Amino acid sequence: MTSGFQVDPWQLQWNTLDLSALDRTESVFALSNGHIGMRGTLEEGEPTGLAGTYLNGFYEQHALPYAEAGYGYPEDGQTVVNVTDGKIIRLLVQDEPLDMRYGRALDHHRVLDFRTGTLRRDTVWESPTGRRVRVRTERLVSFTQRAVAAIHYEVEPLDGDVQLVVQSDLLANEPIESASRDPRVAATLNAPLVAEDAFAEEYHAVLVHQTRKSGLRVAAAMDHELDTDDGLRCEIQAEDDLARLTAAVDVPKDSRLRVTKYVAYGWSARRSAPALRAQVDAALSGALQTGWKGLLAEQRRFLDDFWATADVEIEGDAELQQAVRFALFHVLQAGARGESRAIPAKGLTGPGYDGHSFWDSETFVLPVLTYTVPEAARDALRWRHSTLDKARERADALGLKGAAFPWRSINGAECSAYWPAGTAAFHVSADVADGVVRYLAATDDTDFERDHGAEILVETARLWCSIGHHDVHGGFRIDGVTGPDEYSAVVDNNVYTNLMAQRNLREAVAVCERQPEVAERLGVTAEQVHAWQEAADKMVVPYDEMLGVHPQSERFTEHARWDFANTPEEHYPLLLHYPYFDLYRKQVVKQADLVMAMYSRGDHFTSEQKVRNVDYYEPITVRDSSLSACVQAVMAAEVGYLELAYDYFAEAALTDLHDLHANVRNGLHIASLAGAWTVAVAGFGGMRDHDRSLAFAPRLPEALTRLAFRLTYRESRFAVEIDQDSASYTLLEGPSLTVRHHGEGVPLVLGTVERRPIPALPAREAPSQPRGRAPHRRTPKVF
Ligand code: BGC
């Protein structure tokens, strides 16, 4: 399998001009700071696979299409909008437009640099009439100045003097191909922005627009610095959907034209057009004051800090080393400066899933952020908190108490039009609660607990008590819900859901004890707390005594097995080739569900149960979701199938670089990328964080000679280094703490390195997967 990218530990390089791969490279080369997202399109705007600039939280609303609507179905959908494009810089060489579809690309490299946080391009282009120019660009979306992006653009004539005309645009309502198959949604997104204000003067321009239905307002502004040895003719204009700076200049050979473009974005549901314009103008002034070099330096410092706290080093597999850093870089981009906004399933790298956020955020992305950039995890949880009113309304509409967080959303309101895998996937509320619990245990952030966390735990506990009931035997059942596996729906007592709800209920009890004043403010009664405790204690967790395994939900193990032998490989993903009717009634698992429960609630299962369950579910799990491989890897590693875990590690980490799901054009799979970290840390590092403490059980697959990672825990930062025989733990800063290594306590004190041997593992043969669904094996490239 070739991905087209050069293997390098700190960057991702693409060396060809393959126009058919433009759309996928635009996703992997996307830059973002969690607030602004810019796809990695070529500066000249065309050719493009799928142009896109996104602002976190900025969406258009549309009616949800139903053939047969039902009571309680959400009425409105939300779709991320391609906002005003500030990346475009067109170039006229003598009188020919630079367009990579014409003439010849004599050289063309693009590099995403994980340490500088920039996307660089170096192109030597020969025009159809044989004139050559070199264009070098570097762009960034600033981690330090949240509203700002910048592009440094340089043209060098290679064959004597040449006249160049540069046109730098802000372009709104850029024509794009709709990602939606529904014509009504596509229509909404065709020219979604209505012009409100346009202004241009000297090198500076602003456009302000508003969406038609959601009523959100966006302002985009640009300013420029031009550097050339010769005379320059410049003009600027702005009208409804286009602002353009045009600069014409004669550039002698051996000389260059340099343009720095600064772009600022802002959006608001409330601020007026003048206020928003002032906001982006101010952001631009700040960027100009910092200057291009200053922005580069700030970006570098930000990333140096990030890598010092978050890097994962892998020896023995150079491609995986690159993939894991690529993954961490994109996870950081998705979450760094969202600041109380959601982390969408695709980050801000593409329009896939309409820009919605799912359980992916709390369950897959937040564990990474919690232990590397805890403030980003806190901010994402604050977003959930800010949507509590909508979650309460949703619960009320469903006849339930407390808060029901949406299955998919941009602004917090449920947008899923398919209730069996949307509304019924109530586990999302326990996942949000779990994100809070993990964050609190890892940070001891009592302010967050008091102001945000406690309320989330209490409202979700109320939800569970109203969804579930005590049966005649006293057991607490949660019937008619959907677990993580979307090839089963509306089931009774899904083990994952029940165990996550159990933790949610217990943690709500505990937080009310720790924060009695908050409990009082939230109107929590002693009866309520007692009911939560009772429900948790009596939670039903089905077990199949005869098979000695946990059914993922009641009676699951009694269903007919899917006919894997007669399912052709090209019929995956199954959801595109078979009716849900049939998937739902058979034993076939889309993505780790019971296996997920054994990771998230590993404290509930014995080691023997874990082995038996992995052996049972592996042959019926088809991984039609990119969220599965990383979880299967973690559990395979725990039960001792290290080589299988290694294959899944590569699958999770390379999902996007190898386009394994053939849909990278719509954006990256942020949860799977986060999963790459999880496999390193929780899989081969064996980290578990149950019961407010950290435990490790490291073990490496044969190919890896060394794995090292760093974690932030409470006030401390420490490093874990693993080789084939031993692991060492080093406190890098902060107070001493104790972790566990294969069950044994290890005190971490500044100035000492604690090394421990890795206990031998009994050999056991790993189970197989359904026909045609073995992990994407690859030969590690060694450099
Ligand atoms: C998965 C969900 C996931 C969603 C977004 C679906 O295919 O089944 O678990 O939340 O994709 O990534």
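Each Cβ is built from the backbone N, Cα and C atoms, and glycine gets one as well.
Computed from a predicted structure; not experimentally measured.
In the shown protein chains, 22 other C-beta atoms lie within 10 A of the C-beta of GLU486 (active site, proton donor). If you look up TrEMBL, you'll see GLU486 marked as active site, proton donor.
Of all Cβ atoms in the shown protein chains, 27 besides its own fall within 10 Å of the Cβ of ASP360 (substrate binding site). The feature substrate binding site is assigned by TrEMBL to TRP359, ASP360, LYS590, GLN591.
Here TrEMBL flags 773-783 as compositional bias 'Basic residues'.
Model confidence over the domain 'Glycoside hydrolase family 65 N-terminal' (15-268) is summarised by a mean pLDDT of 94. Residues or ranges marked as domain 'Glycoside hydrolase family 65 N-terminal' by TrEMBL: 15-268.
Annotation source TrEMBL lists domain 'Glycoside hydrolase family 65 central catalytic' at 325-678.
The annotation domain 'Glycoside hydrolase family 65 C-terminal' is assigned in TrEMBL to 687-746.
Residues or ranges marked as region 'Disordered' by TrEMBL: 759-783.
Less than 8 angstroms from the CB of GLN591 (substrate binding site) sit PRO484, ASP485, GLU486, THR621, ARG623, ASP624, SER625, LEU627, SER628, VAL631, each of them six or more residues away in the same chain. Compute the center of the Cβ atoms of TRP359, ASP360, LYS590, GLN591, which mark the site for substrate; besides them, the chain residues with Cβ within 8 Å of that center are PHE358, PRO484, GLU486, SER625, LEU627, SER628, ALA671. In sequence order, ASP485, GLU486, TYR487, PRO573, LEU574, LEU575, LEU583, THR621, VAL622, ARG623, ASP624, SER625, SER628 constitute the residues six or more apart from LYS590 (substrate binding site) in its chain with CB-CB distances below 8 Å. Once the Cα atoms of TRP359, ASP360, LYS590, GLN591, the listed binders of substrate, are compared pairwise, the greatest separation found is 16 Å. In the shown protein chains, 23 other C-beta atoms lie within 10 A of the C-beta of TRP359 (substrate binding site). Sorting each residue of the domain 'Glycoside hydrolase family 65 C-terminal' (687-746) by its DSSP state yields 3 helix, 34 strand, 23 coil.
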